[in-house]
Amino acid sequence: MNITKNIHEWLFSLMPETTASIVEMVLIAVIYLAIFAVAGLYLVLLERRVAAWFQLRLGPNRVGYQGLLQTMADALKLVSKELTVTIKADKFLYNLAPYFVIVTALMALSLFPFSKEFQAFDINIGIFFLTAISSIGVIGILLAGWSSNNKFSLIGAMRSGVQTISYELSVGLSLLTMVVMTGSLQLSQIVEVQKSGWLIVQGHIPAIIAFCIYMVAGTAETNRAPFDLVEAESELGAGFHTEYSGMKFAYFFLAEFINMFIIAAIATTIFFGAYLSPFGITESIPLLGVFWFLAKTLALVFLMMWFRWTFPRLRIDQLLVLEWKYLLPLNLMNLILMALMVLLGLTIKF
Amino acid sequence: MSYFSDIYHAVKSLLTGMSVTGKYFLHSRKGAITQQYPENRDTLKMFERFRGEVVMPHDENNMHRCTGCQKCELACPNGSIEIIWDRQIDPETGKKKKMIDKHIYHLGMCTMCGLCIEACPTDAIKWAQNFENSVYDRTQLTKVLNKPGSRLLPGVED
């Protein structure tokens, strides 16, 4: 984009190279932070409205037009609340934990190709980096549960550990299945491959199976219902963030929604051609790529909300049976199927 | 080999569930059960089974159906109903007869159990559907259900 190029040149003419690149990084980070803090808030609102519609209610519609300012008001309330700490909490880790969760969530965002030129960090191990980053988040959750010195928090954190470590495998393997087809981990390369058909079309049967497994495992990764036994309200209070209040709680809450966005965005990039328009109808206007990316991502976010408000919570044994007895063997079979397909040239290309 | 059929049934039942909620989602605009209360105060109508408070319906001639048998007073578990009665001369037959003077109902003590209404042999009292019952002074919660000058509807005792 022209504006970013102009700013880039202006910064580099103004100061030495290293300072300029650091300033540029900080600028980009601040912009991403601002955009996604607000986007996270609106995802919360979307979740609440969608949840209401699924339950034949209306949802928050009083603050601002159709409740558009509701989550802003909620955030304002959370900022103004007192930050309570339990006496026996491990203060240092207790205060550190929310930042682990939110920082990893925001770091993952930098990789997504929102349009051809709107990508902050195009690293050549893109997908590997994404899965690695998203598994660091669980350390924050474990720290939060451990340092709160509360049995509910600890149980919630341990469940989260079990869940994330198990389902990480499925997420990784289902993405690996797609990587077999793209031959690259770099996200911009993956989008380039999809110019001849989105990967879910190119890979047909194994790709659809991989997508289903990815959505199930991705929902589990974000600790959302039906895999929300991490914070199961009826058993554990609020799970790992029982002892958090005010803004620290808001960080966990925001991270959950940004993680949901990330899972949907990864699926968009890998399966649905990221910023590419369907049938190439708007390829001449590159700026519309952002629209297509967000539209696809929000459709997948909606799918995850649909899951949440339809399915009842799994028990811990059902959770592990689902992963280790069903998703993992299916995934391995699917990987072989995909490899065979690529080897025999059975993929569909336009 | 039940492994694959298990997966098939699981996916099928999950999709069934999603189709149900999906239908709800699409119909939520028209079928929403939410009442936007203070705004729709004029049109809001409570459902028939709602228990607002006990009332005694009177007809257009200011006649009620209460014979003063006190069964409601006895049935009430916490003494919300007090009936003040005496024997008066019935204008029609000229005989002395038990008649209610005041049917006093303490809304503040009522738990809305409905035993009085079940106990009433002549259906003289029933539930009203109003619900904005808060007042600034609790003496206002003590209500006299029969209107002043009202009489027993002839033929109720037969």
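Numbering starts at 1 and runs along the chain as displayed.
The backbone N, Cα and C atoms fix where each Cβ goes, and this holds for glycine too.
Copied over from TrEMBL, here are the features:
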type	residues	note
TRANSMEM	A:21-45	transmembrane segment
TRANSMEM	A:92-114	transmembrane segment
TRANSMEM	A:126-145	transmembrane segment
TRANSMEM	A:165-185	transmembrane segment
TRANSMEM	A:197-217	transmembrane segment
TRANSMEM	A:249-275	transmembrane segment
TRANSMEM	A:287-307	transmembrane segment
TRANSMEM	A:327-348	transmembrane segment
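Contact count against the transmembrane segment (A:21-45) (Cβ pairs under 8 Å) is highest for A:249-275, out of A:92-114, A:126-145, A:197-217, A:249-275, A:327-348.
Counted over residue pairs separated by six or more positions, the transmembrane segment (A:197-217) shares at least 3 Cβ pairs under 8 angstroms with the transmembrane segment (A:327-348), which defines the two as touching. The stretches the transmembrane segment (A:287-307) and the transmembrane segment (A:92-114) meet in space: the count of Cβ pairs below 8 angstroms, excluding pairs fewer than 6 apart in sequence, reaches at least three.
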